[in-house]
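Q: First, the structure itself, so that you have it in front of you.
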Amino acid sequence: MNTPRLRTVLVDDEVLARLALRQALATHAEVEIVGECGNAAEAMQAVRALQPDLLFLDIQMPGMDGFELLHELAPDRLPLVVFTTAFAEHALRAFDAMALDYVLKPIDQARFDQAMARVNRHWLGLHAGTGDASAPTPADGYVQRLSVRHGEHIRVLPVDDIDWIRADGNYLHIHIGPTRYLHRDTLRHLLAQLDPARFLRIHRGTLVNLARIREVHPLFKGGAEVVLHDGTRLDLSRRFRAGARSVLGLP
């Protein structure tokens, strides 16, 4: 099956920035640039008229910014989005807005090509009828990744990579192998975003990836201990034993 080219619109209030995008895209034959816009109002008209597959979108522009533009667009008309901006502090919000990627200006070609590789994986998945496991807008509505601060950087964590999560007030300790990430959020809020077929609450403050559970050991007075594949041992409280029993098939 031939995959159609990505009909693409460039949105940036700076002419030189749009030129830099054209140059970065010059080696990507899978892309067809069908429009350029200098502000969000023009972009809204272009998206409605041209129905592009891909939008390269600046964030800070006169008038409506890039985030406001996405908010105004109908979900069924929303193309794939890659943000391009000079300001790294917008990265977390960009991923919250369901962007596929986030590229800093001035554009580094190697980093740009990585973003295009992600776009292409998603595009090919859509046209193969399989979708993309890393896509930010799955049909079931559950998040596929979390953006967390790690030192001076922002890490994008696929939720399937997470072993377990422990709550600490308004913060979450996210465990992936030997690494622990601190993320500002509440367990209650995160629970509403995660697929219950993947994650199980085993304690008031603990979530575990079902794929990581190796064993469950019954304990005295109705509690239990969950053992993960890496040997981590977590308490399964009596309060959440019934839910675990139905999900895991416990006696």
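One-based numbering along the chain as shown.
Cβ atoms are placed via backbone N, Cα and C, with glycine included.
Those TrEMBL annotations? Automatic predictions, nothing curated.
Feature list, courtesy of TrEMBL:
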DOMAIN    7-120  domain 'Response regulatory'
MOD_RES   D58  4-aspartylphosphate
DOMAIN    146-250  domain 'HTH LytTR-type'
Q: What are the non-local neighbours of D58 (4-aspartylphosphate), defined as same-chain residues 6+ apart in sequence with CB under 8 A from its CB?
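A: Once residues fewer than 6 apart are set aside, D58 (4-aspartylphosphate) is near V11, D12, D13, E14, A17, G66, F83, T84, T85.
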Q: Which residue counts does DSSP give the domain 'HTH LytTR-type' (146-250) for helix, strand and coil?
A: 25 helix, 52 strand, 28 coil
Q: Using DSSP, what's the helix, strand and coil tally for the domain 'Response regulatory' (7-120)?
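A: DSSP composition of the domain 'Response regulatory' (7-120): 53 helix, 26 strand, 35 coil.
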Q: Take every residue in the domain 'HTH LytTR-type' (146-250), average their pLDDT values, and give the whole-number result.
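A: The average pLDDT of the model in the domain 'HTH LytTR-type' (146-250) works out to 87.
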